[in-house]
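Asks: Sharing a structure with you now.
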Amino acid sequence: MASKVAALLSCALLVVAAAGYYTPPNPATCGLKVGYYHDKCPAAEEIVKHVVGDAIFHNPGIGAGLIRMLFHDCFVEGCDGSVLLDPTPANPQPEKLSPPNNPSLRGFEVIDAAKAAVEHACPGIVSCADIVAFAARDASFFLSSGRVGFDMPGGRLDGRFSNASRALAFLPPPVFNLSELVSSFSTKGLAVEDMVVLSGAHTVGRSHCSSFVPDRLAVPSDIDPSFAASLRRKCPASPSSGDDPTVALDVVTPDAMDSQYYRNVMARRVLFTSDASLLTSPATAKMVSDNANIPGWWEEKFKAAMVKMASVEVKTGNQGEVRRNCRVAN
Ligand code: HEM
Ligand SMILES: *[C@@H]1O[C@H](CO)[C@@H](O)[C@H](O)[C@H]1NC(C)=O
Ligand SMILES: *[C@@H]1O[C@H](CO)[C@@H](O)[C@H](O)[C@H]1NC(C)=O
């Protein structure tokens, strides 16, 4: 047990060393490899990209869902597709049904479609965990009009275990303050700057009112008053499951993956305490203003941080399997 933990930790540390900050890490990280399917299933990454591109063309919000899905997969049991598993009689409460994922996480059908197409081309070769990682990479590419394009290593195996209570334990809620966020990310081998940079994913997609009304609108908060007023017009005062509309995370460029999020943070036009908390230390406030003000800076860092997040606690060798159906363990 102790040696397993040590292996996971040293793997995360290796990635830190290999990733640096300005260039994406070199091919081999944690047993993962860029072009992993080059010989085994040459069309795999192209197939995923095509399916994701198609889905985003019809609904850009699905792209946001896929980027979030990688985060929610990797923080719970590692990047092993555990978030995709459906309930079964033996396991009635998988991650998918936990409050951080249900009902807000979207894009599962896109993973199913990509898996079906990839299985058609090369049965039993491409893991669901890799499809989630490729899909998040491709969604970033499309939503940024190609500005956030990067290589994503492959070679993850799929896990067999998924428990809703672990999702609650490891996915940071929107009420977290800076020190809680830093500690949540550091549990997964991610640094303060990774957390700040990955939070920039809140440049796309949406939130349900219930995720921020109680914490940010119903009580005094630092949210910009005119922004708060516009949110109050869109959200009920006490959202419930029957009455829980959604609003854009990035009020300025809702469907574009860009550094606008950081300008929103500085203007206090962000939804969550977790977003606002990035200004509560001088070091993270400096990262926010650099990401906001230096052209291309955030994009480069985001590429590296996504690859790093996608290597958290990955399963290789006999720790996992290649699922036939992403919703069911073999
Ligand atoms: C720093 C801690 C984080 C917290 C507390 C947090 C919290 C949240 C919450 C509460 C929502 C709205 C859910 C809803 O009500 O519908 C959301 C949406 C989203 N989050 Fe995060 N998040 C964090 C980090 C991340 C990271 C690391 C990523 C990916 C790299 C990410 C990507 C997204 C995306 C793209 C959406 C929009 C999803 C959609 O439109 O379907 N978030 N987040
Ligand atoms: C999931 O976690 C809960 C709480 O720790 C536990 O009661 C339950 O037995 C777990 N389920 C499985 C299938 O391991
Ligand atoms: C963050 O929240 C924790 C837990 O509520 C609290 O102990 C800590 O003092 C808070 N930190 C800051 C910087 O507000």
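All positions are counted from 1 along the displayed chain.
Backbone N, Cα and C atoms are what each Cβ position is placed from, and that goes for glycine too.
Caution: TrEMBL annotation is automatic and unverified by curators.
Residues annotated as signal peptide in TrEMBL: 1-18. As annotated by TrEMBL, disulfide bond applies to CYS41-CYS122, CYS74-CYS79, CYS128-CYS326, CYS209-CYS235. Annotation source TrEMBL lists site 'Transition state stabilizer' at ARG68. Look at TrEMBL and you will find PRO172 tagged as substrate binding site. The feature heme b binding site is assigned by TrEMBL to HIS202.
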Asks: If you count Cβ atoms within 10 Å of the Cβ of CYS209 (disulfide bond), leaving out that atom itself, what do you get?
Replies: 23
Asks: Of all the disulfide-bonded residues given, CYS41, CYS128, which has the fewest Cβ neighbours within 10 Å once its own Cβ is left out?
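Replies: Least crowded of the disulfide-bonded residues CYS41, CYS128, by Cβ count within 10 Å, is CYS41.
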Asks: Closest to CYS235 (disulfide bond): which of the disulfide-bonded residues CYS41, CYS74, CYS79, CYS326, going by Cα position?
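Replies: Minimum Cα distance from CYS235 (disulfide bond) across CYS41, CYS74, CYS79, CYS326 lands on CYS74.
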Asks: Would you mind reading off the Cα separation of ARG68 (site 'Transition state stabilizer') from the residue listed as 'heme b binding site', to the nearest angstrom?
Replies: 9
Asks: If you check the disulfide-bonded residues CYS128, CYS209, CYS235 one by one, which have a CB less than 6 Å away from any atom of ligand 1?
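Replies: Once distances to ligand 1 are taken from each Cβ, none falls under 6 Å.
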Asks: Quick one: among the recorded positions ARG68, HIS202, which has the most Cβ atoms sitting within 10 Å of its own Cβ?
Replies: HIS202
Asks: Could you give the Cα-Cα distance between CYS74 (disulfide bond) and the residue listed as 'heme b binding site', in whole Å?
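Replies: Distance between the two Cα atoms comes out at 17 Å.
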Asks: What's the CA to CA span in angstrom from CYS122 (disulfide bond) over to CYS326 (disulfide bond)?
Replies: 15
Asks: Which one, from the disulfide-bonded residues CYS74, CYS79, CYS122, CYS326, has the smallest tally of other C-beta atoms lying within 10 Å of its C-beta?
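Replies: Least crowded of the disulfide-bonded residues CYS74, CYS79, CYS122, CYS326, by Cβ count within 10 Å, is CYS122.
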Asks: Measuring Cα to Cα, how many Å separate HIS202 (heme b binding site) from CYS79 (disulfide bond)?
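Replies: HIS202 (heme b binding site) and CYS79 (disulfide bond) have their Cα atoms 20 Å apart.
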Asks: Going by Cα-Cα distance, pick out whichever of the recorded positions CYS128, PRO172, CYS209 is nearest to CYS41 (disulfide bond).
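Replies: When the Cα distances are compared, CYS128 comes out closest.
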Asks: Looking only at C-alpha atoms, tell me how far CYS128 (disulfide bond) is from CYS79 (disulfide bond), rounded to the nearest Å.
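Replies: So the alpha carbons of CYS128 (disulfide bond) and CYS79 (disulfide bond) sit roughly 10 Å from each other.
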Asks: Counting only residues 6+ away in sequence within the same chain, which have a CB under 8 Å from the CB of PRO172 (substrate binding site)?
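Replies: Non-local contacts for PRO172 (substrate binding site): GLU180, LEU181, SER184, PHE185, SER274.
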